[in-house]
Amino acid sequence: MRLSPAPLKLSRTPALLALALPLAAALAFSDETLDKVPKSEGYCSRILRAQGTRREGYTEFSLRVEGDPDFYKPGTSYRVTLSAAPPSYFRGFTLIALRENREGDKEEDHAGTFQIIDEEETQFMSNCPVAVTESTPRRRTRIQVFWIAPPAGTGCVILKASIVQKRIIYFQDEGSLTKKLCEQDSTFDGVTDKPILDCCACGTAKYRLTFYGNWSEKTHPKDYPRRANHWSAIIGGSHSKNYVLWEYGGYASEGVKQVAELGSPVKMEEEIRQQSDEVLTVIKAKAQWPAWQPLNVRAAPSAEFSVDRTRHLMSFLTMMGPSPDWNVGLSAEDLCTKECGWVQKVVQDLIPWDAGTDSGVTYESPNKPTIPQEKIRPLTSLDHPQSPFYDPEGGSITQVARVVIERIARKGEQCNIVPDNVDDIVADLAPEEKDEDDTPETCIYSNWSPWSACSSSTCDKGKRMRQRMLKAQLDLSVPCPDTQDFQPCMGPGCSDEDGSTCTMSEWITWSPCSISCGMGMRSRERYVKQFPEDGSVCTLPTEETEKCTVNEECSPSSCLMTEWGEWDECSATCGMGMKKRHRMIKMNPADGSMCKAETSQAEKCMMPECHTIPCLLSPWSEWSDCSVTCGKGMRTRQRMLKSLAELGDCNEDLEQVEKCMLPECPIDCELTEWSQWSECNKSCGKGHVIRTRMIQMEPQFGGAPCPETVQRKKCRIRKCLRNPSIQKLRWREARESRRSEQLKEESEGEQFPGCRMRPWTAWSECTKLCGGGIQERYMTVKKRFKSSQFTSCKDKKEIRACNVHPC
């Protein structure tokens, strides 16, 4: 039950008026000045705080609902911003939400509820608790609150704001300070079946598509995939009615199937480019990991595209991942109006649809191909009890994304010659230039050169040319357009006056004054729409400057400042935080005093409520040193729990471990154990025994080399018996051995005339253990005969490769 506060009545006596004005906590929504304010007996007494004539703040102040929707969904939360364009500001304000055609003097006139974001900036009015006003009167340029949309059946709602700049300056609650939102039809499911009409618009129009993903654990908590949630890369195109990318009731192509199941846009882009005559622009935007982040952390993805009279439809899709085959997107959105113009803006909330190629019912269902393939259809809340969108009452599915398509320029001759904004004028200045959207993204060009002189030197038709350079072709399968462009022109010999005239655009609006206090300069520009046909130079001015005065009474101690920079990111990831912006001194005060203007500003910022994140964590520390000094190891980093998890368990990791790699460690030679000693090689007398070991690992990366692999030692069994017959046999063997050596030496001596050589030595050890080394052996002169020549009788040396295996 809501208690209505007693209405505050204003007396016309000066004493009570003086008391009422300082105590007022809000602006009035009445159109009368103070002298005409009647006593109010209604639910919210309207307290007038500002005197003077009402003024409309179409350019200075604005009331904006995030996403700029035209419709609201019952029960949905919307961020509302009230702002002033620099150098304007406001000290006080009042914000209310009324049903259409209601005065606000009854409780039931008000629609929805506001939610305070910053209690130091905003508060509910004490005498009108459904309205929001400032907490303290001071200079400000922006405030934000949340508005919770009313229940179904409320109808259209009007958000109204009033502004106080100074206590006796002005207030207003219409124009840019009024926002009308109508209730979204409960039967709306994102499916449209409107006929596609022939387009009668002229020229081309350029649009920007911005995709706002709202799919998060807060909005869709059931079975939300916390670790793999994402939107795939956006893929689509502007096309004619003869080509359909996808549509409800149709079957998914192979390209749509690969987007829906794999998140891959490659095949879809190939299909679109194959329809070259039916497609004007291929629309692409990068994927989003994770699916949702605040806009001050990650900007919403966007893409620009163009449309013309025959290709005035726009379609796109993106996969909701992970999912069986669920997507969101638009199909054949017509950007041409019945009045032969181009749509200014489209805002559409999106719900997921099923591509009909997989029969899974949950985000992470195993692959289950649908055989036979089914038609594309929107998901509903009654599809399956295990579905994350299931509602036994059959309610509508909460939208998972919003797409905003906004016209940013028009080119060429337009049927409707009245421009909607300055961008349209600027974009219409050079109709002879080709649309940049025709150039594939895989072709990187330099800028066009200036037009050359006309090829005709007489009063005759000729051609002029401009060029550009192809810097890179990223995909050789996609052809790149020409690097030269030609245009007809008239030679300079023409005497016709019209041949030397040039057509100019209208002047665009004046720039802001160059200073914030005192006398400064401002400028405006225009552009050459059509150069003289005779190829001569256009001499008409394209820029004008004039003096401007801002605050004539500013003192000599005032200083000139630059414009404010962009706001920093919010210092908090949830709840209340701070953000800052800065500016610099351009010129110090003329009287030599110190500049007292502020060079930095800080204001509070509101992130999603912290209860959606049960624990607040510090940033990750730096990675620790690797656990080893060489080779493969591990390293760690930590973060701390900054606040107690009072609203739930903190399941986030406080430590992370990853592998690290340092230069390889030296590997020493590895050997087997020694074998047993062999038997003595003699049966009597002196002999020897040996033992060996094998190399298991060659040394690597500078490791210790391999030691000996063979050892021998002496052995003596017993003295040999001196049997004469045996002794003679040994003498005979020794004699034959000496004779054999002599014959060998003589045969070797024949190879080197005049020399007797010793046998080759054994090969030396290899100079390297791996990677390729060398070995050497020698043959030395044993005896040189007198008849020998020195050049033919000398020591010999041989070299060979060894250990050629890699390290």
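Keep in mind that glycine also has a Cβ here, set from the backbone N, Cα and C atoms.
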Recorded disulfide partner - CYS595, candidates CYS548, CYS554, CYS559, source Swiss-Prot: CYS559
Disulphide pairing with CYS443 per Swiss-Prot - partner from CYS415, CYS480, CYS489: CYS480
Of the residues TRP353, TRP623, TRP763, the one that Swiss-Prot lists under C-linked glycosylation site: TRP623
Candidate from ASP325, ASP334, ASP383 that Swiss-Prot assigns to the same Ca(2+) site as ASP354, ASP358: ASP325
Listed as C-linked glycosylation site by Swiss-Prot, one of TRP451, TRP567, TRP731: TRP451
TRP448 (C-linked glycosylation site) versus glycosylation sites ASN214, TRP510, TRP623, ASN681 - nearest by Cα: TRP510
DSSP-derived structure type at TRP507 (C-linked glycosylation site), helix or strand or else coil: coil
Fewest other Cβ within 10 angstroms of its own Cβ, chosen from the glycosylation sites ASN214, ASN681: ASN681
Count of other CB atoms lying within 10 Å of the CB belonging to TRP674 (C-linked glycosylation site): 12
List of residues, in chain order, with Cβ under 8 A from that of TRP510 (C-linked glycosylation site) and at least 6 apart: ARG522, SER523, ARG524, GLU546, CYS548
TRP623 (C-linked glycosylation site) to TRP451 (C-linked glycosylation site) - Cα separation in whole Å: 57
TRP451 (C-linked glycosylation site) and ASN214 (N-linked glycosylation site), Cα-Cα, nearest whole angstrom: 48
